Amino acid sequence: MAEVISMEDIRATASTLEIDVSNIDFDSIRLPPGEDFGITSDDDDLHEEDPLEYDSGFGNIIVVDNLPVVPREKFEKLEGVVRKIYSQIGVIKEDGLWMPVDSDTQKTLGYCFIEYNTPQEAELAREKTNGYKLDRAHIFAVNMFDDFDRFMKVPDEWAPPETKPYTPGENLQHWLTDEKARDQFVIRAGSDTEVLWNDARHLKPEPVYKRAYWTESFVQWSPLGTYLATVHRQGAAVWGGATAFNRLMRYAHPQVKLIDFSPGEKYLVTYSSHEPSNPRDTHRVVLNVFDVRTGKVMRDFKGSMDEFSVGGAGGVSGVSWPVFRWGGGKEDKYFARIGKNVISVYETETFSLIDKKSLKVENVMDLSWSPADPILALFVPELGGGNQPARVSLVQIPSKEELRQKNLFSVSDCKMYWQSNGDYLAVKVDRYTKTKKSTYTGFELFRIKERDIPIEVLELENKNDKIIAFAWEPKGHRFAVIHGDSPRPDVSFYSMRSGSNTGRVSKLTTLKGKQANALFWSPAGRYIILAGLKGFNGQLEFYNVDELETMATAEHFMATDIEWDPTGRYVATSVTSVHEMENGFNIWSFNGKLLYRILKDHFFQFLWRPRPPSFLSPEKEEEIAKNLKKYSKKYEAEDQDVSMLLSEQDREKRKMLKDEWERWVNDWKRWHEEEKAERQRLRDGEASDEEEEYEAKEVEVEELLDVSEEVLSFDLDQE
């Protein structure tokens, strides 16, 4: 692939050729037909090196082997049986079933070809009927027609693979060694995707890498920030590095719509849905689980959309996304999905079900993994009209042992929130009142790390208050709740500790009448943003929970998104293209100071690059916090140098503006002197330019505008 050059290089080259780049419409440039000037499209490259199964045009045909060998008189009956079996799976094309006959014996050859309308139907038929037992002597062997073409290309003799010399790649964590300890972020605006440094000291972003049409829908960082994923028609790709962003791997999955990384970045799940040829059928879903490093498909899952739409509240196109929930922390040991009355838990060593069977849980509606331990939290709603209560269960994996269960009565809805370290689980429970005409809300708080997992019930002072938002403090013991009625609900803060008693929840404070409907904790805890998005027009309150005081209030009009950087030092607020005006983003300090603002038309995405966990032990982090003044001297000196540099730059800028002004004044004086004689002539010889030295006189001037002559006739007889 040809090297991508930056706009700075293009401008420099254009300058040497005396070309004004600002007058060039790059979007109107078209290459001659068949010419790519050595720049290979990502999609073409993917298509060439990883041909898809239906590239040959026969991806919708299957071959069914091990059919009975029958004479002509039984041919029609056998064809009817085969057609009945396979027409239940998809629409067979007209004349789409062909059963070859031996010309000598006039008997069938024991196999047939079936052509469906779509490759997806053919794949489903292969999956459903391969191994189908027609009778004791005939067990179907079903293959895709394209597979035979691939098998025919296998050489007769084995040859060892070619050994390629090892070429070391770029250190994918090199960006973490930035001397200024800056963070990166990616933005998408128009057709451009750009990675930048957040250079908050200089109050501006510093460009890293920019590329047009880098993705066809969205970009996504991996959870530890190693990779940037892009999505294309032919599949997904991941890129890495600090400045170059080379493509590291591609994952062939036609018409991919969604992607999801495992927490430890070992695996990538891709999702697509395909319309059925029969309108009465549901969409066909394809899910692939790839090994991120090798690009190998570790397991695929295919079926109707109904099979993947059970449970969860984050539905996308009828499917609860992500379909697979990852457990076991950063080791990526397990993943699970909800089925009808079952939970299927897979382990990634063999990508098979644990104990080769799913966990049967009647009417299960939601599941959520502990972020730290292999513990599943399950929610089962009421059954039998309330005769069997709803319940929340904690299940240990892989033993499938139930650690704790809590029955819940008169439940309308339930939502589970894990604390980031897995120390606590909050279950928000909406319950019906006795009349069943209204609901009220309470919380069931599980202390996961304590003996026997004690549960504490928390109800608000006004239990009829509507819960608008809930959020745990990352790595902490506090949580915040927005409750009450809009437009000015209350915000309450609670702690899972109460003074010297660490086993009891306590309220810290309630802030009355806040314009807020969303909560955004700093990743480091302590600070939180009370945000009023959507109808509240971007109201922001930066709050210090340690001191229980407001640090600043601000507004980012029409803000749609808020995201803390991974260190908790800076906050980005953005207005995406859901609004037609004010598109772009603002960068704020943790305490609410606006550092800089960038406007971008057709702004789609802003994503901070995640950081992996620190290698420092908790003891070392505590030691650094205690001796922060000693460490901070170096950075305070650097900040002072930057401040002086900025001051010097400001002085230089002001001096430049002053010099420019003085040059203009001097030029004006020179022109004024050169035109003195002309001004004197226009004033009829008067030499002075001072208006006060002249006497104003009123002069009346009469001007004849027009002369017309008209002849009038008189009738003398009438007189």
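Placement of Cβ uses the backbone N, Cα and C atoms for every residue, glycine included.
Looking at 25-49, 675-699, the stretch flagged in TrEMBL as region 'Disordered' turns out to be 675-699. Counting residues of the domain 'RRM' (60-147) by DSSP class, helix then strand then coil, yields 30 helix, 29 strand, 29 coil.
According to DSSP, the secondary structure content of the region 'Disordered' (675-699) in residues is 10 helix, 0 strand, 15 coil.
Summarising model confidence by region, the domain 'RRM' (60-147) averages a pLDDT of 91.
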